[in-house]
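**Q** According to TrEMBL, the protein has these features:
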REGION    28-56  region 'Disordered'
COMPBIAS  42-56  compositional bias 'Basic and acidic residues'
DOMAIN    62-128  domain 'Amino acid permease N-terminal'
DOMAIN    155-655  domain 'Amino acid permease/ SLC12A'
TRANSMEM  156-176  transmembrane segment
TRANSMEM  182-212  transmembrane segment
TRANSMEM  233-253  transmembrane segment
TRANSMEM  273-293  transmembrane segment
TRANSMEM  300-319  transmembrane segment
TRANSMEM  351-370  transmembrane segment
TRANSMEM  382-401  transmembrane segment
TRANSMEM  462-485  transmembrane segment
TRANSMEM  515-534  transmembrane segment
TRANSMEM  540-561  transmembrane segment
TRANSMEM  573-597  transmembrane segment
DOMAIN    664-800  domain 'SLC12A transporter C-terminal'
DOMAIN    825-1039  domain 'SLC12A transporter C-terminal'
Amino acid sequence: MSMNNSPNVFLDPNANRFQVNIINESHDSNEASQEDVGSDPPHYEETSFTEEKTEASLHPCDTHNKMYYLQTFGHNTMDPVPKIDYYRNTGSVSGSKLNRPSLLEIHEQLAKVSEKETFNFSLVANGESTAGDEAAASKEEEKKTGFVKFGWVKGVLVRCMLNIWGVMLFIRLSWIVGQAGIGLGVIIILLATMVTSITGLSTSAIATNGFVRGGGAYYLISRSLGPEFGGSIGLIFAFANAVAVAMYVVGFAETVVELLKSDSIMVDESNDIRIIGTITVVCLLGISVAGMEWEAKAQVILLIVLLIAIANFFIGTVIPTNNEKKAKGFFNYQASIFAENFGPDFRSGEGFFSVFAIFFPAATGILAGANISGDLKDPQGAIPKGTMLAILITTVAYIGVAVSSCVVRDATGNINDTVTPGMSCNGSSACNLGYDFSRCRSQPCDYGLMNNFQVMSMVSGFGPLITAGIFSATLSSALASLVSAPKVFQALCKDNVYKGLHFFAKGYGKNNEPIRGYVLTFVIAMAFILIAQLNTIAPIISNFFLASYALINFSCFHASYAKSPGWRPAFRYYNMWISLFGALLCCGVMFVINWWAALITYVIELFLYIYVTYKKPEVNWGSSTQALCYIKALDSALALTTVEDHVKNFRPQCIALTGAPMIRPALLDITHTFTKNNGLCICCEVYTGPRKLCVKDMNSGMAKKQAWLTKNKRKAFYAAVAADSFRDGVKSLLQASGLGRMKPNTLVIGFKKDWRNLSLSNIHDTRGYILFFCSDAFDFELGTIIVRISQGFDISQVLQLFSFSENLPYLLILISESTINTVQSMHVGEFNQKLLEASTQFKKKQGKGTIDIWWLFDDGGLTILIPYILTIRKKWKNCKLRIFTGGKVNRIEEEKLVMASLLSKFRIKFADINIICDINMKPNKESWKFFEEMIEPYRLRESCKDITTAEKLKRETPWKITDAELEAFKEKSYRQVRLNELLQEHSRAANLIVLSLPVARKGAVSDYLYMAWLEILSKNLPPILMVRGNHKNVLTFYS
């Protein structure tokens, strides 16, 4: 059952929703029937099961009431019915884009949403527009702006027929039949038709897969394959059309020169062609600049003349010939002439493919209609219908002219060259018909299929009509190409794919005419007219058009192969494999026609492709390249799940707690250094607080922060989660991040520098931070890397204070009051300078120095793998690895040899190995005193209190360090303090320190004691990475 919600339907607010009554069945039925015999189906409305509606109880919907949106389908809902205006692009010219209510507006409480006045619900409720509104809006726009739109006949069929029936039909087809014969001539026509028919089918499929704007082949290819392919072929196609203008004009000029041969304007024929061609192009430019309406009228007149000329030729073939025409080789339909002309007779170095190369431009007009797609009323319906019908009609005409060959290959034109009695004809059809043209074998003749380009004029019933047809064909084709080239070029320039060409995007007048493009096309056409040789021009543009056709066919194949749900062409008569065959056929024909021209075409296209790819225009057209990229990624990810992990293929796949990636750039940089082109990197952020606010902020920022990563060339993903607490959010990320085998195996986090400055109200933040890496990461068997630099990672306060956020437009900064007070208490300039320098230190190339690896505990090899990866990066390649490990005093050399042997088996180069024998010595008193003072605020000191008080304190402050705990882990505390002393002694000048991260037993070591270990371990040192693998091998010495 369909529901009609137009204002004519009356609703009862108390009606039950399950019963429907037909209303307005008889009301104004006579008037309705007079207006439209095929009237709409009856309207239905929901009514009650029990109550009987009266006319008085019906009331129309008040569309001016702000609560009108509540009455969709008669229920309390603001859900709008489907409407085309919701699906428009922002810049739509055929109607305004409307925004439907957001999911949040529908999902929230109705009372809250209805108070908002930010959305004009009366425009979107109840589907009050009908399907006809689209056409109405389009017509209104046309009246307002004066657009001239064409139907499929005038806009596509006429143009394609005129462009295909070009110069070749009248002044080259006879020569082609003479060279290749009727048999191969028909094959040449069918081969060209096969290329164009497949391309036409592909074009029809692409053109019916959504709304088509101006730009023709460029628009179709760019929206299917993306700006890289579209931008490269767009220039070539526009240039090919500009050159085609020259080809058609030269054909016209040749005809005029032939007519004026006895009274030449200039001394030689070539200059005559140049002069006439120049005058012709100027006249055509004037018609084009006058506007599309004038150009369309001229095309219709030219088509009528052309059809009369073709009919005149066929009439002439059946009119009895005379002696003068016989002397020129025309004998009406004769079986002997058909048999003689059926086989090939290639001369002057010509061959099948060279003749095909000269004929093929005659088939290149199939995109004449598509090229003005922006000026068509219904491009989706017009392009398939007009293009395919034009191919059919013109192919039949070409074959008809080729088969209707009634002229011998060579004739002298002398009526006295008749056969003498007793002369042997040797199978010559002309001889059998009474004429001796044998002297054409030894000397050139001026008539016949091979010698006279004006054969059709001689054969026709009335010669001047063929001349008019030649003028019509050549001028119409030139005019169509002169319009197509600027239109395609303007569309290319509007998209700003090539920023330097944006000058040509401007249009003038009611139809947005590309006047600047017309001038440029005129200049290009003039340059090629100066060549004045049709056979030289034809093979050049053949390759350009074939390259365009190849990409159109490939676009259709690619879109089908990508299996995107968005690929839903209304034109069903295509096949992806036929399109692929068409693309390969076009490429093959390019090389067969002219291999060096094909190579030049490919080089130009490749150069333009690389240029556009490098420039990366900021456009997103939903191309099939994107769809196929997704399919490949999905298939690869699924295939990867079937492959078991192997230690040789291990790579750090990091989940970095950067928050917003622009807030902690140094942490992102160091992580990116050992994951770029090597492993997965996910920048994560946890939102805590009121759920509604968190989710809103998270959703609004995700795409922007991922765009920031892309813009700053960081090969990383951004992920965010909203959670009740920081730890819960991190646990969610650790468990759910990644896909299949592409899951994080290493956690990277910045050291919480201000952990001692937090107030008691924020104590849970520190505890969550500590618990997360000392417990959760190890529980999920992830390696852990804690990075510390002297100035810290968070630069949000600097960005806020100095408004650096204009360089980071997607920055969302929330700074706590305590942080601002800390900043204000320092010398702001000095603080900012040091912090900014620290935030960029990993972007700079590291000079000659060392990376000191304190590999104290075997964690599977991650501690040694991370610095090795760093040394193979460009920025760190000048740094050497120094290895530090624990050992016994009496086995220093043996320990060195063992470590050297191990590293050599791992094929890891190192500069030096140091065995540290005094790790377990007690630290000096000053260092230990500093440690005790640091942990003093967090000690419980229960031994100084009675048992009851001590137990109460433990319950109230369970996070504090007890005396028993401190005594139990005293030796381990000594070791951390002592290690810092050794680090100060040996590695103070290192570029980077990589150190084995100590592990605290869950539930045995308090949060703040563990944090104190990390603090004292990494205090006053160069940048340091505290690393702990998951104790699974990440290195192997097996091949």
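Heads up, the Cβ atoms here are built off N, Cα and C, so glycines get one too.
Keep in mind that TrEMBL annotations are predicted by a computer and have not been checked by a curator.
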**Q** When you scan the chain for residues with a C-beta under 8 Å from the transmembrane segment (573-597), skipping those not six or more beyond its ends, what do you find?
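**A** Residues 194-195, 198-199, 201-202, 204-205, 353-354, 356-357, 360, 539-540, 542-543, 546-547, 549-551, 553-554, 556-557, 560-561.
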**Q** Should anything in the same chain at least six residues away from the transmembrane segment (515-534) have a Cβ under 8 Å from its Cβ atoms, list it; otherwise answer none.
**A** 167, 172, 239, 241-243, 245-247, 249-251, 253-254, 270-271, 273-274, 277-278, 281-282, 285, 288-289, 482, 485-487, 489-490, 493, 503-504, 506-508
**Q** Cβ pairs under 8 Å with the transmembrane segment (462-485): which stretch of 182-212, 233-253, 273-293, 351-370 has the most?
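**A** Comparing 182-212, 233-253, 273-293, 351-370 against the transmembrane segment (462-485), the winner is 233-253.
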**Q** Please figure out which one of 182-212, 300-319, 382-401, 540-561 racks up the most CB pairs under 8 Å against the transmembrane segment (156-176).
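**A** Top-ranked stretch among 182-212, 300-319, 382-401, 540-561: 382-401.
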**Q** Restricting to the same chain and to residues at least six past its boundaries, which positions have a Cβ under 8 Å from a Cβ of the transmembrane segment (182-212)?
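**A** For the transmembrane segment (182-212), the sequence-distant neighbours (Cβ-Cβ under 8 Å, at least 6 residues beyond its ends) are 173, 176, 219-220, 223-224, 338, 341-344, 352, 355-356, 359-360, 362-364, 366-367, 370, 373, 376, 379-381, 383-384, 387-388, 391, 395, 398-399, 402-403, 405, 546, 549, 552-553, 555-557, 559, 566-571, 573-574, 578-579, 581-582, 585-586, 589.
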**Q** Under 8 Å for C-beta pairs, could you tell me which stretch among 233-253, 300-319, 351-370 has the largest tally with the transmembrane segment (273-293)?
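**A** Between the stretches 233-253, 300-319, 351-370, 233-253 has the largest tally.
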**Q** Report, as numbers and ranges, every residue of the chain located at least six residues beyond the transmembrane segment (300-319) whose Cβ falls under 8 Å of a Cβ in that stretch; write 'none' if there are none.
**A** 154, 158, 161-162, 165, 169-170, 332-333, 397, 400-401, 404, 406, 456, 459-462, 465-466, 468-473, 475-476, 479
**Q** Could you pull out which residues elsewhere in the chain have a CB under 8 Å from any CB of the transmembrane segment (233-253), counting only those six or more residues past its ends?
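**A** Cβ under 8 Å, 6 or more out: 166-167, 171, 215-218, 221-222, 272-274, 276-277, 280-281, 284, 361, 364, 371, 470-471, 474-475, 477-478, 481-482, 484-486, 488-489, 491-492, 497-498, 520-521, 524-529, 531-534, 537-538, 540-541, 544-545, 547-548, 551, 601, 604-605, 608.
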**Q** Which residue counts does DSSP give the domain 'SLC12A transporter C-terminal' (664-800) for helix, strand and coil?
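**A** Counting residues by DSSP class gives 68 helix, 28 strand, 41 coil.
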